[in-house]
Amino acid sequence: MKLISTLGACLTAPLADSVTAIWNPVIPGWNPDASILRVKDDYYIATSSFEYYPGIPIYHSKDLANWTLKSHAFTRPEQLRLYGTPTSAGAWAPSLSYFKGKFWIASMTRWTYDPVARVWPRVFFASSADLVTWSDPVWADPWGIDPELFHDPVSGKTYLNLMAPNNNADRLASARPEGPKTVFRDGYYYLIAAEGGTDELHRVTVARSKSPQGPFEAGPGNPLLYNGQWGFKNLTVQSTGHATLVEAADGKWYASFLARRNINGSSPLGREGFLVEAEWVDGWPVLNGGRPVLLSEQMGAKAAGARPVPEPWVDDFSGPELDKSWYQLRTPYTQNYKVFNGRLVLRPNVFGLSDRDTPAALLRKQTSLNMTFSAELLGFKGSLGPRNRIGISSYLSEFQHQDIGLRGCVNATGMCLYAELRRNLTTEYWQTPLNESGAGLSSGLTLHIRATPLKYELGYSLKGQKSPTYVKEIESRWQAFAPAGWFVFSGNSFGLFATGEGEPWPYNAPDVGFTKVTETYFEEDIPDYDRCHHSEAYTIRTQQQRKLEAAYLSMCNPTDVVYLCHGGTFCQGSPNGTRAVTAVKPWMDRGNIRRPRQPFQLCEYSKAQSGRYHNVASAELGIDGFQPTRLLTPIMARINQGCRKAEADVFCNDFPAKWCEDCVRRGIAVMFWGHMDGRGSDPWWSWQQCHAYFAANMSREMMAWEASLVKDTYDSVSELDRWAAEMRRVNPGVFDDMARWRREAEENDPAMFEDLDEVDGLDGLGGQ
């Protein structure tokens, strides 16, 4: 095997005290939950692998800038049994440590990600002397996620630290903490946590204690890292969270974390591995100088100019073993490939890429937003039937994979080139004859996938053809989001596959495979943000900002609230939601707005502020499938217009109070996520209940006031009556069930409506 380049711009450079430029992402392609470790002069990062096998990749670096894939923690089926595991279940959130001459990994496995089935995750840990050969996992009894083995340097004890549900515990945060990582420094135990789920609200927070068992006090500068506070649609880097701190050999500190590169509303590469500098100020860590993470900024003592473009990566299968960067889907039953004499021969089975099983497929993570993946097919004699397929794929999940390949023609004789696009549950098909005689395939057919930030193109080239012929394309957003009711925590991969599509591969069918795979990279040229063209504009965390924040919050009048219901699957209790959207009026009756634990309440006062309150709705309205009611759409649109103007002025210039005040006085937006118990699979039902509650509990005067915000939006309040009538038509009893919904919600979570002002004061977040 010939490996021309490794991850990123991997140069052979000495230690990073100085000249080596560190560019983000340091580990491109989906590599979430990066746990960093230093042992002497070597740095290691372990990341999640989900349903992919082998499990838990471990990367190595000497300089923090150039990382290579060293090994995997789980390479034997008895270590990691992923049979029928759905997309994004599997191995999650490893934590890497070193203790008494051994490396340790703590992680967890989800056999499924389905709250209805009530199959809970299991925590385990394993050890290794060399990071290559790992022990069988030792399973721990506690159930939870994101475990850490913390080796206390004071007592010599080892603690298993994990996120697990405990409503009786002292709460340091309200935004679903997870991914705990512990650091001991100067007599304090620092607990680094991720909060807010793993999408736009993801962030990093800190708390500290004199004991590893608490009590902990929240950090005064929380969140330590949260690009979302600068606007969900402004910065390209989003979902910054799940951090681990490490002290370098020269005494400097760094933090590894995950983040997405959000391009035009989607992130096909998923959550990648990032790194920022850390410093200690008054006994607390500060990440990236308190500034947002920008792609254009590099770390290192000397600037290195433009971001380098990696050299092409080539695998000609010349070695005796498969390159370690190839993955299979789930634990294989048998080895379904063979590498020999410069050839990769696949051993197809009945499973295809749309099956929740182990097809004869090998995948590599997509590591650039601007690249081409090309694979040359092995020539063969004979013919393929209509169910015999060999090809390449842009693969996200069993629902979302875009394929081009060779098969027996459908409704015709001979063999055909075909392309198949899968947009969740819909399929688009194309084919053209290649060899009508069916005599076989000569060498020289190469399949191509051209990836750009906004689309994927599928094509082919014949021997002697200078440039590919592209026959189909699909928007990149289809490789970034799961269908309704499902989750995708990984990112896009490029795959080689062969399948019998539900039938065994015929005994007399030819051997199929590939002779060479090439990845060609191009300059990405991804901007940092949509507006404002100077990074200095994003350093707004000053006393002036805090004063403005206090002024904005003083404007939060209950009669100035605009409600927006969202029926998505972001829920604070479990994947499909177990809490109800209810009981807004009691807050209004008290004369202030109180934050419930379930679901979130977010108070908007301009995203130019610290981000301790923020409103996803104002950034996402009308984008990515968010569907507010007809009543609120024009109102929110006008409010958002004012907020965006205020935000642009604040970011790019100074603080024009007139714009910010105009934005805030138009309404403090409150957003709710979640589904009613037992009906989480029906988003429309959730919207019904949410909107119906507001219609029943908001005064007609308040609704009329909202409508008047937009001139000529409604001729009269009669439009509101028509809306309510439509709700009753769809569900005649929709306004009659408020008491029952409230009762069910309180049964699920008795503390849902309790006064949380005290927690607001303790968690350092001001009530997210």
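Placement of Cβ uses the backbone N, Cα and C atoms for every residue, glycine included.
Marked as signal peptide by TrEMBL: 1-21. Look at TrEMBL and you will find Asp33 tagged as active site, proton acceptor. Under the heading active site, proton donor, TrEMBL lists Glu178. The annotation domain 'Beta-xylosidase C-terminal Concanavalin A-like' is assigned in TrEMBL to 315-502.
Taking the Cβ of the residue listed as 'active site, proton acceptor' as centre and 10 Å as the limit, one finds 29 other Cβ atoms among all the protein chains shown. Distance between Cα atoms for Asp33 (active site, proton acceptor) and Glu178 (active site, proton donor): 11 Å, as a whole number.
The residue listed as 'active site, proton donor' counts 23 other C-beta atoms within 10 Å of its own C-beta, drawing on all protein chains shown. On the 0 to 100 pLDDT scale, the domain 'Beta-xylosidase C-terminal Concanavalin A-like' (315-502) averages 92 in this prediction. In the three-state DSSP scheme, the residue listed as 'active site, proton donor' is classed as strand.
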